[in-house]
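The annotation [4Fe-4S] cluster binding site is assigned in Swiss-Prot to Cys573, Cys582 on the grounds of sequence analysis. The chlorophyll a binding site annotation in Swiss-Prot covers Met683, Tyr691 and is backed by sequence analysis. According to Swiss-Prot, the feature phylloquinone binding site maps to Trp692. Positions annotated as transmembrane segment by Swiss-Prot: 70-93, 156-179, 195-219, 291-309, 346-369, 385-411, 433-455, 531-549, 589-610, 664-686, 724-744.
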Amino acid sequence: MIIRSPEPEVKILVDRDPIKTSFEEWAKPGHFSRTIAKGPDTTTWIWNLHADAHDFDSHTSDLEEISRKVFSAHFGQLSIIFLWLSGMYFHGARFSNYEAWLSDPTHIGPSAQVVWPIVGQEILNGDVGGGFRGIQITSGFFQIWRASGITSELQLYCTAIGALVFAALMLFAGWFHYHKAAPKLAWFQDVESMLNHHLAGLLGLGSLSWAGHQVHVSLPINQFLNAGVDPKEIPLPHEFILNRDLLAQLYPSFAEGATPFFTLNWSKYSEFLTFRGGLDPVTGGLWLTDIAHHHLAIAILFLIAGHMYRTNWGIGHGLKDILEAHKGPFTGQGHKGLYEILTTSWHAQLSLNLAMLGSLTIVVAHHMYAMPPYPYLATDYATQLSLFTHHMWIGGFLIVGAAAHAAIFMVRDYDPTNRYNDLLDRVLRHRDAIISHLNWVCIFLGFHSFGLYIHNDTMSALGRPQDMFSDTAIQLQPVFAQWIQNTHALAPGVTAPGETASTSLTWGGGELVAVGGKVALLPIPLGTADFLVHHIHAFTIHVTVLILLKGVLFARSSRLIPDKANLGFRFPCDGPGRGGTCQVSAWDHVFLGLFWMYNAISVVIFHFSWKMQSDVWGSISDQGVVTHITGGNFAQSSITINGWLRDFLWAQASQVIQSYGSSLSAYGLFFLGAHFVWAFSLMFLFSGRGYWQELIESIVWAHNKLKVAPATQPRALSIVQGRAVGVTHYLLGGIATTWAFFLARIIAVG
């Protein structure tokens, strides 16, 4: 730690009224670009307008101005998020059966959307139980509302109105901090202050206030709900906050107030700050007292973390010093210069954040089922499947975005002249070794993982089950995964005193939690089938990484096109007379990476969906016999490609294909429509630009003949635009097809 003389205290960090508010200017399409503002000559204009509207780098090269635009846009984004949240809460208040669900969450499905009868769509209002007809929702909002202690639709109304107020506030802030008081570049680059505020403020105080809310509001209300008290009889949230005796009836240590805290007698609080592990047998969710304890602990960690960096007082860490000290014996200059990169290139910063957030989102997907945090979430199979799928897709997109912005950084912001022998330079200098090794790994994984399946299909086809890789013939047990499971199953009591169960029931240990005759969670057995599909996961992930990383490392130059940096982030080919140089731009790598990301995530969510239906989800009889939805067929069926097609895709598609005439029929229509959207994408991906330009010429000829030719000349999409439209519809069609397939199936059988 370096002690320096304190910086001068007062800095003027904003410019007043830098840019006037002008509706006239905003009304002109393309006002941000001299070329686009001239108006359209050809139909390409509308595409360029969309491509460049948010590409602030193309509007100006002034980093301060770009930073202000990004900052202002963030407020706009927050405003939209608040508006969306408000809509969710409003639907809960106005169109939902939340209060009925609260009284009987095991037999009543959550619904917050009622279809109006216009041409017979009221068939979609299925009976979700308790005499309510509507569309079953799978977003998990009901469970999170119960966990936070919301007991009435009035409370949902109030929250919805509050969110609207915040949306308006954010909209105002976005305008204010661009037009009235715009921060200077130095403010955006003051990373220590930013870290302190984000760590201590957002994460620290945010977690602390949530922990406080849980202890004072959620826990007592959930105590009453679990005991079967009618929600209308439960005291209102403010009564618990204002009247300590009310809480003391539930948690006697409340009578002592803050005394145990200041006398370090903290064990007094162990009634409502617990470390139990496992699930609450009443709700099938994590113990809310464990969750409150967790948020309190997280708050303390982040409050400390928020006081670590040097700002106006000459004490604490400086990020630049930390980075420059970060050298190993084989890494040359190490992280020297990284500080400058991350404070002058927002693409580099964004890339890092997207990679982290994408990975974190995928971690969330896995925790949501292994450690279901909200009451009655684990037994709502449709919601569980939706949450897993949603977080997997989002994580995949964010990680591809990380590669995209890393490549944009390389093309637009990387300055090779002042980068020598630091880590990035060294990685770029041995990129051939990295990419060729990664390519070898992909080939190895691809042939071996699919080879195991093809072997099984062949043996199965020839009627030789004894020669297949399976739990009953040649076993390939995932021994490392089983060892990890076993270690965690035996961990309680060692990790924390008083912990009664392991962090997740999925580890093992024979415990099963069922709520209302439905399995919430039980130990998940892993076998040969999982070993096989996990190697497919390894294969698809490595190929995605290969494509994306090649795009980043060869974004500026390659043996084929040494001057690639001059061509920009996206270009179709390296000009006329250079055949074989198409699809090499950094943008094209993102484009190709998206398809493999789609492959990778699809295999993951298929694996999850089938595995859970086969080995976890199901009903339990009074005698304690568990009947799984697909009767444990995963281990024997998923070890051949044919099994995946026959027993997963085909067998489980029957619900969506046969949904016509029922309340699930919308999923049948979506299944059909999304297939069409997907097929439509192929038209853009398989044909070249010339084909369409030729077609357009003859259509224009016909218009001229009839004297109805438009002033704006029609043009075929550029090669890059065509690919963009293609991949968009490919992903949209594929994801919506999967969505309809999953939901129709799980709502019907779950």
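If you go along the chain as it appears here, the first residue is 1 and each next one adds 1.
For all residues, glycine too, the Cβ spot is worked out from N, Cα and C.
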| said: Is it possible to get the count of other C-beta atoms within 10 angstroms of the C-beta of Cys582 ([4Fe-4S] cluster binding site)? | reply: 14
| note | Here the Cα-Cα span from Tyr691 (chlorophyll a binding site) to Cys582 ([4Fe-4S] cluster binding site), rounded to a whole number of angstrom, reaches 17
| message | Measuring Cα to Cα, how far is Cys573 ([4Fe-4S] cluster binding site) from Met683 (chlorophyll a binding site) in Å? | response | 21
| message | Tell me the Cα distance separating Trp692 (phylloquinone binding site) from Met683 (chlorophyll a binding site), rounded to the nearest angstrom. | response | 11
| Which listed residue (Tyr691, Trp692) has most other Cβ within 10 Å, given these are binding-site residues | Trp692
| query | Can at least 3 Cβ pairs under 8 A be found between the transmembrane segment (346-369) and the transmembrane segment (291-309), with each pair 6 or more apart in sequence? | reply | no
| query | Taking DSSP three-state, what's Met683 (chlorophyll a binding site) in: helix, strand or coil? | reply | helix
| message | Say we define neighbours as other CB atoms within 10 Å of the CB. Which of the binding-site residues Cys573, Met683 has the fewest? | response | Met683
| query | By the DSSP assignment reduced to helix, strand and coil, which category contains Cys582 ([4Fe-4S] cluster binding site)? | reply | coil
| message | Before we move on, state whether the transmembrane segment (385-411) and the transmembrane segment (724-744) share at least 3 Cβ pairs under 8 Å, counting only pairs 6 or more apart in sequence. | response | yes
| note | Whole-number Å distance separating the Cα atoms of the residue listed as 'phylloquinone binding site' and Cys582 ([4Fe-4S] cluster binding site) is 18
| DSSP three-state call for the residue listed as 'phylloquinone binding site': helix, strand or coil? | helix
| task | For the transmembrane segment (724-744), could you work out the same-chain residues 6 or more beyond its ends whose Cβ comes under 8 Å from its Cβ atoms? | result | 138, 382, 385-386, 389, 393, 591, 594-595, 598, 602, 605, 609, 652-653, 655-656, 659, 664, 667-668, 670-671, 673-685, 717
